[in-house]
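A.B. asks: The following feature annotations were taken from TrEMBL:
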type     : residues                                                 : note
ACT_SITE : A:ASP155                                                 : active site, proton acceptor
BINDING  : A:GLN31, A:GLU106, A:ASP137, A:GLY138, A:PRO162          : S-methyl-5'-thioadenosine binding site
BINDING  : A:HIS62, A:ASP86, A:ASP155, A:SER156, A:THR157, A:GLU158 : spermidine binding site
DOMAIN   : A:2-235                                                  : domain 'PABS'
There are 2 protein chains.
Amino acid sequence: MELWFTEKQTKNFGITAKIKRTYVTEQTEFQKLDMVETEEFGNMLILDGMVMTTQKDEFVYHEMVAHVPLFTHPNPRQVLVVGGGDGGVIREVLKHPSVEKATLVEIDGKVIEYSKQYLPEIAGELENSRVEVKVDDGFMHIAMSENQYDVIMVDSTEPVGPAAKLFEKGFYEGISKALKEDGIFVAQTDNPWFTPELISKVFKDVSEIFPITRLYTANIPTYPSGLWTFTIGSKQYDPLEVNEERFHDIETKYWTKELHKAAFALPKFVADLIK
Amino acid sequence: MELWFTEKQTKNFGITAKIKRTYVTEQTEFQKLDMVETEEFGNMLILDGMVMTTQKDEFVYHEMVAHVPLFTHPNPRQVLVVGGGDGGVIREVLKHPSVEKATLVEIDGKVIEYSKQYLPEIAGELENSRVEVKVDDGFMHIAMSENQYDVIMVDSTEPVGPAAKLFEKGFYEGISKALKEDGIFVAQTDNPWFTPELISKVFKDVSEIFPITRLYTANIPTYPSGLWTFTIGSKQYDPLEVNEERFHDIETKYWTKELHKAAFALPKFVADLIK
């Protein structure tokens, strides 16, 4: 018998992956959590039926969330990751020596627990002494923070279930308040093929709060359409105006100095979404 | 009853699309040809079980094959398209007024016939007076051509079946001979996630024949991994050294002046394939 996991990425389109074994299938307090081993992408974390990360392609998302804002800010010391319980963004954040403390606020402790167990090369740095892990509501954490962070990264699930409120304008206002006066934030904002309205809406909301708003992309094969977008809101620093001398050497598999800027060169139909 | 078409893009991974109806399912002289209507991507041409083009995302491939070499060459007049019987590359080629004649050499007349019928907005320009359509073997056509073309585009299927010989070094030597002394060619060269060896091999072969060899990418959601590569071999003109004043206005949905160069900024793991 062959087992295949199929994610319907839209009502009418999806991806399908052959499964070697299922490690976990559990209804947590917040969502359905599956951890499986796939033939093609190694271990895979699935939340509410949607692929969150896989061993083979996780580096793209995690590097591109972390390094673009961290190389844009001249001296990031206090960093907050909202969501991201698999620990991949934290791992990349720690590659920046200026970072004194990285705080992770993940609402679902089970995501952290199973990631440590089945995705150790992604979650391993959650034990690092520069990291504080809080199992808590990221929305509330943001609401109670003021002038505290240099960089905030929103590593959420899709805007359904527990993450829905992380795509509301009020949340971005909270982020602005939680950031220092020269702070910068990034959020994953889905894909332009199946959810163009979301990208337009978030970009508009963010640009009404932050003086500098930018959209960039990366290729993630297990995410819908393979083309993922990230929206940056920044109070002072423009990712397109980075002094390239600031790029120190870090070990990456996706991010490069050239891609840092090239990732903002959008296909025309994507650029049209944020006009 | 719901009908879903599934393409196994690798042995262990694939995409699946809900089908409204099947227009054609036929074994031609060269390959299995299916033309279906999907819910998500409109009409879809499938050859030997692999998605070739769809109404919704066809513009990416066709624009990026055509405009990158045509804007690199300062005065492209004679253009050859090998394969590409759906007519999409030809449609984009004709947007360049310098082009006097575009020749299409497609081995399978059925691809042309059914594309005209079911993909009219893609194939419509095949009737243009600047176009010559030949139902013939592209490999042989190249072998018999000398000093004839300014730009050659290889719009082939994957390196199995009728297109296998279009990925051999001897074919690229033939292309070099068929090109004028300042000619340039481009070939689609699959994706870096599932077929990294192919990209490395083609790049090496081409760089042993052409003084300038470059790799660029585009996002095509219905192609494996969503990240497609294109390899350029050029005798004189470097796509990265294009004078931007040469970019005339054309109507596109993917290609932009900025993307023309940004598409060559490769993710590190892709850049490593062609070192």
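Heads up, residue numbers simply count up from 1 along the chain you see.
Cβ coordinates come from backbone N, Cα and C, glycine included.
The model shown is predicted, which means the values in this text are computed figures rather than measured ones.
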A.B. asks: Taking only the Cα atoms, work out how far A:ASP137 (S-methyl-5'-thioadenosine binding site) lies from A:SER156 (spermidine binding site), in Å, as a whole number.
C.D. replies: 12
A.B. asks: Using only the Cα atoms of A:HIS62, A:ASP86, A:ASP155, A:SER156, A:THR157, A:GLU158, which the record gives as binding spermidine, return the largest interatomic distance in Å, rounded to a whole number.
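C.D. replies: Pairwise Cα check on A:HIS62, A:ASP86, A:ASP155, A:SER156, A:THR157, A:GLU158 gives a maximum of 16 Å.
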A.B. asks: In angstrom units, rounded to an integer, how far apart are the Cα atoms of A:ASP86 (spermidine binding site) and A:GLY138 (S-methyl-5'-thioadenosine binding site)?
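C.D. replies: A:GLY138 (S-methyl-5'-thioadenosine binding site) has its Cα 15 Å from the Cα of A:ASP86 (spermidine binding site).
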A.B. asks: Restricting the comparison to the recorded positions A:GLN31, A:GLU106, A:GLY138, A:ASP155, A:PRO162, which residue's C-alpha is spatially nearest the C-alpha of A:HIS62 (spermidine binding site)?
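C.D. replies: So, spelling it out, the nearest of the recorded positions is A:ASP155.
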A.B. asks: Taking only the Cα atoms, work out how far A:GLN31 (S-methyl-5'-thioadenosine binding site) lies from the residue listed as 'active site, proton acceptor', in Å, as a whole number.
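C.D. replies: Cα to Cα, A:GLN31 (S-methyl-5'-thioadenosine binding site) and the residue listed as 'active site, proton acceptor' are separated by 16 Å.
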A.B. asks: Take the mean position of the Cβ atoms of A:GLN31, A:GLU106, A:ASP137, A:GLY138, A:PRO162, the recorded S-methyl-5'-thioadenosine site. Which other residues of that chain put their Cβ within 8 Å of it?
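C.D. replies: Surrounding the site, in chain order, are A:PHE30, A:GLY83, A:ILE107, A:ASP108, A:SER156, A:ALA163.
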A.B. asks: Can you tell me whether DSSP puts A:GLU106 (S-methyl-5'-thioadenosine binding site) in helix, strand or coil?
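C.D. replies: A:GLU106 (S-methyl-5'-thioadenosine binding site) sits in a strand per DSSP.
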A.B. asks: Which has the fewest other CB atoms in a 10 Å radius around its CB: A:GLY138, A:PRO162, the listed binding-site residues?
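C.D. replies: Fewest other Cβ atoms within 10 Å, among the binding-site residues A:GLY138, A:PRO162, is found for A:PRO162.
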